[in-house]
Amino acid sequence: MDHFNYRDGSLHAEEVPLTRIAAEVGTPVYVYSTATLTRHFGLFRQALDWTDHLVCFAVKANSNIAVLKLLGDLGAGMDVVSGGEYARARAAGVPGGRIVFSGVGKTRAEMRQAIEGGIRQFNIESEPEMRALSDLAVSMGVQVPVAIRVNPDVDAKTHEKISTGKSENKFGIPIARAREVYAEAAALPGLKVVGIDVHIGSQLVDLEPFRHAYAKLGDLTRALRADGHQISRLDLGGGLGIPYRRDNNAPPLPIEYGQVIRETVGDLGCEIEIEPGRNIAGNAGVLLAQVVYLKEGEGRDFLIVDAAMNDLLRPSMYGAHHDIVPVTEPAPGAEVSPFDVVGPVCESGDTFQKGTQLSRLAAGDLVAFRSAGAYGAVMASEYNSRPLVPEVLVSGDHFAVIRARPTYEEMLARDTIPGWL
Ligand SMILES: *Cc1c(COP(=O)(O)O)cnc(C)c1O
């Protein structure tokens, strides 16, 4: 459920008509709903209310610091994968003690930044990383809490670019070698082993891969405890999918996901961490755009909108689908016809949908790309020198610009012409 609905024939974010945001901020623009973000975070909490837990929002899904502050104030922890994300989480007021640091290529500078600023745990992805972190911690005179990410070799049955838990993926250490690696970690003076980490992929629409992976984690927990390790936390990653099409079978609910966790690892007495990103932010946002031209082609008509692949990359990167809906509610039974919805960027890949059935739209009409709150703005670029897309947060009947659209002057000011030119 989200808070983007038609009221009086016009699409609203909560109580704010999207037409008002378009008039005041311009298009393209991302619009997020406070009520939806709050609701989705609450569902994960509720799903784990049977145990000690921390829901760490995956910052890479939506890293605007207003969004992070909203979630952080609700009690969320943060899962970060870079020094930049760590800085964002801290700027949003999230204490270091609620931040976990994931990612296969953490640099020493990033590790130092997090140790100095405070960290709940590092999720270690390889032996070289583990040794580097220990060396650094020793040189700083501290011992840092770590979980080791294991690769359980399960097929998440999702898009290959977002599948991370198969043995051929670059993530984590093979689960078969885990006992050996934990033995080395325990002997490294800069590390304090606190748990195990796993993350098998994103946009999972079936609970079985989770069940399979978490059951393996449960077995590993018992084996590591028998080896003498203190395993007090299990970080189960993110990955629960969302409905990208309204007409589709909905993926499992957070409460059902929580039940799988309880059934597989609930008896171990571990604190449970999860790292949902898409499921909290995805359906809490839309990308609002305006039709620039309706171009009649041979055998197909193009709807050319002012948003492009640089603003929303998922369709061209993953072939992903986003429902596109007109902001003015079509009359019941209004005639629809097929359109290719495209952006202005000079690439054929700048296509959002082919042959989508839409009611007749005209230049100047507004459309909303649904389910765009996760992996939307964060992947935006200025390709074709299109200024970085702005973001707006709605709460009830008011809204705020939480990232302004840069002016051309601001965009150009980042470049410098050297004196010798
Ligand atoms: C991307 C990622 C997540 C979040 O995945 P979602 O599908 O957005 O829930 C969580 N943990 C790690 C380590 C990730 O890389």
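Cβ coordinates come from backbone N, Cα and C, glycine included.
Features of the protein shown, as given by TrEMBL:
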{"type": "DOMAIN", "residues": "30-373", "note": "domain 'Orn/DAP/Arg decarboxylase 2 C-terminal'"}
{"type": "DOMAIN", "residues": "36-281", "note": "domain 'Orn/DAP/Arg decarboxylase 2 N-terminal'"}
{"type": "MOD_RES", "residues": "Lys60", "note": "N6-(pyridoxal phosphate)lysine"}
{"type": "BINDING", "residues": "Gly239, Glu275, Pro276, Gly277, Arg278, Tyr375", "note": "pyridoxal 5'-phosphate binding site"}
{"type": "BINDING", "residues": "Arg278, Arg314, Tyr318, Glu347, Tyr375", "note": "substrate binding site"}
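Sequence features annotated in TrEMBL and their locations in the structure.
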residue: Lys60; record: N6-(pyridoxal phosphate)lysine; Cβ neighbours (10 Å): 22
residue: Gly239; record: pyridoxal 5'-phosphate binding site; Cβ neighbours (10 Å): 29
residue: Glu275; record: pyridoxal 5'-phosphate binding site; Cβ neighbours (10 Å): 25
residue: Pro276; record: pyridoxal 5'-phosphate binding site; Cβ neighbours (10 Å): 30
residue: Gly277; record: pyridoxal 5'-phosphate binding site; Cβ neighbours (10 Å): 24
residue: Arg278; record: pyridoxal 5'-phosphate binding site; Cβ neighbours (10 Å): 26
residue: Arg314; record: substrate binding site; Cβ neighbours (10 Å): 20
residue: Tyr318; record: substrate binding site; Cβ neighbours (10 Å): 15
residue: Glu347; record: substrate binding site; Cβ neighbours (10 Å): 14
residue: Tyr375; record: pyridoxal 5'-phosphate binding site; Cβ neighbours (10 Å): 25
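Secondary structure at Arg278 (pyridoxal 5'-phosphate binding site), as computed by DSSP, is helix. Close to ligand 1, meaning a Cβ under 6 Å from one of its atoms, are these of the binding-site residues Pro276, Gly277, Arg314, Tyr318, Glu347, Tyr375: Pro276, Gly277. If you take the Cα of Arg314 (substrate binding site) and the Cα of Gly239 (pyridoxal 5'-phosphate binding site), they are about 16 angstrom apart, rounded to a whole number. Of the chain residues outside the pyridoxal 5'-phosphate site list Gly239, Glu275, Pro276, Gly277, Arg278, Tyr375, Ala58, Ala61, Ser202, Gly238, Leu240, Asn279, Ile280, Ala281, Ala374 have their Cβ within 8 Å of the site's Cβ mean position. Here the CA atom of Glu347 (substrate binding site) lies 29 Å from the CA atom of Gly277 (pyridoxal 5'-phosphate binding site).
Here the CA atom of Arg278 (pyridoxal 5'-phosphate binding site) lies 27 Å from the CA atom of Glu347 (substrate binding site). For Tyr318 (substrate binding site), the nearest neighbour among the listed recorded positions (Lys60, Glu275, Tyr375), judged by C-alpha distance, is Tyr375.
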